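Features reported for this protein in Swiss-Prot:
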DOMAIN    13-48  domain 'EF-hand 1'
BINDING   S20, E23, K28, E33  Ca(2+) 1 binding site
DOMAIN    50-85  domain 'EF-hand 2'
BINDING   D63, N65, D67, E69, E74  Ca(2+) 2 binding site
Amino acid sequence: MPTQLEMAMDTMIRIFHRYSGKERKRFKLSKGELKLLLQRELTEFLSCQKETQLVDKIVQDLDANKDNEVDFNEFVVMVAALTVACNDYFVEQLKKKGK
């Protein structure tokens, strides 16, 4: 039986491939595919954001090779960065509560 971390990794891989390759290259997310992924899979995160051009900024920041698409490595960097930010927020909330 897979561990929770193994299931989380499997979920990330499956989500990436569910959205990638519909518009262009099979193993990359176009800007439109990434936008759809973010809207459907990170609903809470996006609802708290005030920046209207957030998806464009995310693509620009993630697109290390400047091909205007996001590959799996670039996608994982985004998920990791968001996870770190969420953890930082969680730790700050615990500190405020004195735990």
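These residue numbers are counts, starting from 1, taken along the chain as shown.
Just so it is clear, glycine is given a Cβ too, placed from its N, Cα and C backbone atoms.
Source: prediction; values computed, not measured.
Secondary structure at D67 (Ca(2+) 2 binding site), taken from DSSP and collapsed to helix, strand or coil, is coil. DSSP classifies E74 (Ca(2+) 2 binding site) as helix under the three-state reduction.
Between the C-alpha atoms of E23 (Ca(2+) 1 binding site) and N65 (Ca(2+) 2 binding site), the distance comes to 19 Å. Within the same chain, residues at least six positions away from N65 (Ca(2+) 2 binding site) with a Cβ under 8 Å of its Cβ are D71. E74 (Ca(2+) 2 binding site) sits 13 Å from S20 (Ca(2+) 1 binding site), taking the Cα positions as reference. The Ca(2+) 1 site is defined by S20, E23, K28, E33, and by the 8 Å test on Cβ atoms against their centroid, the other residues of the chain that qualify are Y19, G21, K22, R24, K25, R26, L29, S30, G32, L34, E69, V70. What surrounds the Ca(2+) 2 site, by Cβ distance within 8 Å of the Cβ centroid and not counting D63, N65, D67, E69, E74, is the set K28, L62, A64, K66, N68, V70, D71 from the same chain. The two recorded residues, E33 (Ca(2+) 1 binding site) and D67 (Ca(2+) 2 binding site), have Cα atoms 14 Å apart. Here the candidates are the binding-site residues D63, D67, E69. The one whose C-alpha lies nearest to that of S20 (Ca(2+) 1 binding site) is E69. Summarising model confidence by region, the domain 'EF-hand 2' (50-85) averages a pLDDT of 79.
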